[in-house]
DNA sequence: CGATTTTCGACACGCAGTGCCATACTGGTG
DNA sequence: CACCAGTATGGCACTGCGTGTCGAAAATCG
């Protein structure tokens, strides 16, 4: 109606897409996810049912399409930054996700509440997180499916995602607050600081690193005459914490637990 | 036909259920999950389509119904053992799951391969794991949604499930091997030994425990003048390792990392 | 045996998702 | 302007999942 004069029907495919998402979000919130049909969304968006399916593929995808293309962006970003430092690239990927969420609160906030309410959507969200974790792990250790590198990659990916999700959820619950970029920065910086070196060289940097490194329990194969397994893997430790815990607090505590000074 | 004379049509509701699951498994494996319709399964099982939906609710549930009732069993077991030690109860719950899997390989093994092949089913499996983890966490710290107890519970649940899934998958890939009960025992024993004390008293048992306890980084609020967060939570460390790594190897390595002797 | 309750099967229906084809609209060419 | 690809759209029909309903048959009880 007021957008690009691409299509005579309603003003551009992009605009129609956004209208559909907005309409779906509104209808889902007002009448419930199950009670809203694709015909309802199509009518509200001013497009045909068939076009809706062409664009989004499924009813769930009306909600997660943007998230999916975000994942595709992240994946492309990771693939494109193969020359960069993998740890930095993964943290940047997490930042991309965070950026996308906070940039469109009118979409992400109601979707967050919908996902919390509808089991089907919650499962989808869980699967999504698993996909991110797999992508991060793969980018960190694409050539090592076993061994200490894969182990550190797994831990690092889990930590990055856990930290990101925690900060993100705290904002989603209270989107009126200022976007907690600082907390995300601290979370990413912490992960990079603590698990990054372990990932880059599982065999020793922490041993030769700062004071208290030996207290981490993160030791290398050369530092210990441990009976090496068939793959020579080493254990890597990562913090697990409840979703409601304050992010900065988590970071400080884990940092202390790893032997860093409290300040 | 040879079971209970309950129903004149085909020999008992239980038998019909099992026939349906078996038929679904066979058809899914032979012709694919998407290509097999509920009518096909109904015909193969000798029941009507409507009855099939009455028993299983959905197509996916034909595969996961037993898994769901297993989860219900586990949940009831946890609820019933409120008086027992929570850590022991959770480990016993993991054993129940393992027991159910190995007791019915003709179901669990083909289902495992189906789940690996069909994205839709894989997402469901991931969600299932998340449900178990939530149930374990809730049972370990039902009355503490925050604080060190919840933290330790989260870590403990994650560790138990990770260890269980690892041992289980190794058997699912090679069901001809002897059931690795010993590896599961070791996994559960290790988790109990290492994270159990931390859960039972996050404030210090490991500090006063064996040698090298301080190296764990698992310290209590009383042991450190750390600026406590609003909830007074403490960090707890848990091992994360790739699925293909040998279970015993993981256990030994993490045990070493936590300061226990290698033997 | 008859009466009640439960289970099963058959039919109809709504809705998600897909294939097919006709109809616009796009940009480029003579 | 007429013509012609290529593409996005809409309408239509169809398969399949999942559900509500109702009558019939079987199980249970007296």
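In case you wondered, yes, glycine gets a Cβ from its N, Cα and C as well.
Just so you know, TrEMBL annotations never went through curation; they're auto-generated.
Here TrEMBL gives region 'Disordered' for one range in the set B:201-231, B:232-262: that range is B:201-231. Among the ranges B:17-36, B:37-56, the stretch that TrEMBL annotates as DNA-binding region is B:37-56. Outside the DNA-binding region (B:37-56), and at least 6 residues removed from its termini, the chain residues within Cβ reach (under 8 Å) are 9-10, 13, 16-17, 19-20, 23-24, 26-27, 62, 65. Over the DNA-binding region (B:37-56) the predicted model carries a mean pLDDT of 97.
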